[in-house]
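Participant: Below you'll find the structure I mean.
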There are 2 protein chains.
Amino acid sequence: MQKLTVELGDRSYPIYIGAGLLKRTDLLPDFIKGKSVITVSNETVAPLYAETLNKSLEGFKASSVELPDGEVYKTLTVLDQIFTGMLENHCDRQTTLVALGGGVVGDMGGFAAASYQRGINFIQVPTTLLSMVDSSVGGKTGVNHPLGKNMIGAFHQPQCVVIDTETLDTLSDRELSAGIAEVLKYGFINDLKFLEWLEENMSLLLARDPEALAYAIYISCKHKAATVAADEREAGQRALLNLGHTFGHAIETGMGYGNWLHGEGVAAGTVMAAELSMKMGWISEADLSYVKHLFTLAKLPIEPPSELTADDYRLHMMRDKKTKDGVMNLILMHKLGECIQTSDYDAQAFQEVLERV
Amino acid sequence: MQKLTVELGDRSYPIYIGAGLLKRTDLLPDFIKGKSVITVSNETVAPLYAETLNKSLEGFKASSVELPDGEVYKTLTVLDQIFTGMLENHCDRQTTLVALGGGVVGDMGGFAAASYQRGINFIQVPTTLLSMVDSSVGGKTGVNHPLGKNMIGAFHQPQCVVIDTETLDTLSDRELSAGIAEVLKYGFINDLKFLEWLEENMSLLLARDPEALAYAIYISCKHKAATVAADEREAGQRALLNLGHTFGHAIETGMGYGNWLHGEGVAAGTVMAAELSMKMGWISEADLSYVKHLFTLAKLPIEPPSELTADDYRLHMMRDKKTKDGVMNLILMHKLGECIQTSDYDAQAFQEVLERV
């Protein structure tokens, strides 16, 4: 088992990474302060792992809420189902919520914990690669709105993150690839060496080699933890983690939640960001080609959907959380392996990227 | 104009109290950081005061959302209408939300500000006595759930609170009385002298004497600001502000939101808390009678509704936010003008209070 710490003063918390951690009944109880626990999971994950998890919760008053599975259910309406379950089971301010599942379960469980009785403790137990390397760490929680992804939410840090790499065995190939998009992201932002490692080891990752996966998760979480510790509320460098996300969210929202997986939108979106970066003269054609090559190796899309027009992108991107007083900020590649946040890009080049499809 | 400050370090903010403050166009702009503002109000208040408020917002990109009026609309579903309005009007993280209205508008507007893009600035402009003396100060925001009042929400402090006492001119007599319940509360908690002043000046308050109202609001806000500064997250003394609220919320929820006004529930609930305190031997029969006398002077109910059974109360009270690991904490009168939070009360006496009706 490996351990990382997200350093946030008195709100610091550990990330545990290892094979079979869900079976270890000594891990979770230390992070449960009160006498009761409620597990939030979904119809796909609960049948696979809830029973194992529950063995760690013996001695607590335990209850559970099971959500439908999919990004399309990451809504205020489904969030309300969590609150109903919590109230019916008499959860109080001392209850700890355990989010067992992928990014949707983690984001919604976290936001439910942030909002229930104005805030209770929670624990992240991510079961998809994407949630292990990104969404379960850092306290961003929330739900989507029909007009924009992740528009409603809260910063609310968990008590701990428990990553059992064995849960990846039941993940679909498509979901596994989607998670790799966020892993590659850390390389593009500021870790060229990691990018080279990923290129060399991509076939091992896709074959679910336990050691390769554990290493990729560890390095990703290390980057994420350092970024969150330096800039919890995204006043600056944390925004870099949104590489590919502004374009990607527009794809996800424009195509209807769940039709493109988040990681797929991020992949195509990162290629769009790289194209704009090339047009700005910041990266070379060879660099752009390398970006596409890596996503292709990971079996991820490098072309945005043909259904969306430039106006569709603009509409959704103007609602991006990085937009300030009407000015759209983008995360672009200043060079390969080094990203920046900027509003100082050529409007014509931007338009060309949006119109290319 | 009088000014109080809620001392919360770098999140400190002023409360301005005075007649005609809405007409002063120099007050609000100092508290708006970005270039855009969205006003959240309701169908009753907006026609009365939105135009006046808007004169302060010239030079900003201003938009508005109008909610239906009433506690029954303090729901996640109506909250979503605010988010839709914010997204349609391209509000971003720099937008300031102005909540113009009573407690429902302030609580929902505040929660929308807490959750929109994970948190934006907001300003409270309360227009009911109840929201002026209580809910607009201190950062408690949220919505109701069918199973419990204020169960979903966030702590989110405003940039400032602007109390224009002239807006009370359009308040109904019933709403005015409901507000006085929260004013009396401060006296019961720890200000016997204020209680005596209220007894002497109740008829002036009900006649909307501007000076009497301004004084009552000032003293109430002073108590509220001091309490919030000492205990923002309600780890201790802030809980005392819930005098009468545990019983009162049970009445409000049990009778259906909006049938009993919040202040009416608090009045009858405070009498129930006083009855239990008397049964515990902490206050005298004369004290209980004095409590009832004050609420009667304010034209508030001193009898709980006959429709609710002891089991109804228990069901709703067990969901109270002060319940810890199944133990129900109550705010009771240790003596007249001095309240305590305690779970150390006689179960039989408690049952008798619930069964009295």
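Glycine too: its Cβ is placed from the backbone N, Cα and C atoms.
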Participant: Quick check on the annotation: TrEMBL has A:HIS245, A:HIS262 binding Zn(2+), so which of A:GLU182, A:GLU196, A:GLU199, A:GLU200 does it put in that site too?
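Facilitator: That Zn(2+) site, as TrEMBL gives it, pairs A:HIS245, A:HIS262 with A:GLU182.
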Participant: Say we define neighbours as other CB atoms within 10 Å of the CB. Which of the binding-site residues A:GLY106, A:THR167, A:THR170 has the fewest?
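Facilitator: Checked A:GLY106, A:THR167, A:THR170; of these binding-site residues, fewest Cβ neighbours within 10 Å: A:THR170.
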Participant: Check the DSSP secondary structure of A:VAL72 (NAD(+) binding site), expressed as helix, strand or coil.
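Facilitator: The three-state answer is helix.
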Participant: Going by DSSP, how much of the domain '3-dehydroquinate synthase N-terminal' (A:65-177) is helix, how much is strand and how much is coil, in residues?
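Facilitator: Output for the domain '3-dehydroquinate synthase N-terminal' (A:65-177) reads 47 helix, 34 strand, 32 coil.
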Participant: Check the Cα-Cα distances from A:HIS245 (Zn(2+) binding site) to the binding-site residues A:GLY103, A:THR128, A:THR167 and tell me which is shortest.
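Facilitator: Closest by Cα: A:GLY103.
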Participant: Any same-chain residues 6+ apart from A:GLY103 (NAD(+) binding site) with CB under 8 Å of its CB? Would you list them in sequence order, or say none?
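Facilitator: For A:GLY103 (NAD(+) binding site), the qualifying residues are A:PRO126, A:THR128, A:LEU130, A:SER131, A:ASP134, A:SER135, A:SER136, A:HIS262.
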Participant: When the Cα-Cα distance from A:GLU182 (Zn(2+) binding site) is computed for each of the binding-site residues A:VAL72, A:GLY106, A:THR167, A:THR170, which gives the smallest value?
Facilitator: A:GLY106
Participant: With helix taken as DSSP H, G or I, strand as E or B and everything else coil, how many residues of the domain '3-dehydroquinate synthase C-terminal' (A:179-323) land in each class?
Facilitator: 105 helix, 2 strand, 38 coil
Participant: Ranking the binding-site residues A:ASP69, A:GLU182 by other Cβ atoms within 10 Å, which is at the bottom?
Facilitator: A:ASP69
Participant: Average pLDDT across the domain '3-dehydroquinate synthase C-terminal' (A:179-323)?
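Facilitator: That region's mean pLDDT is 96.
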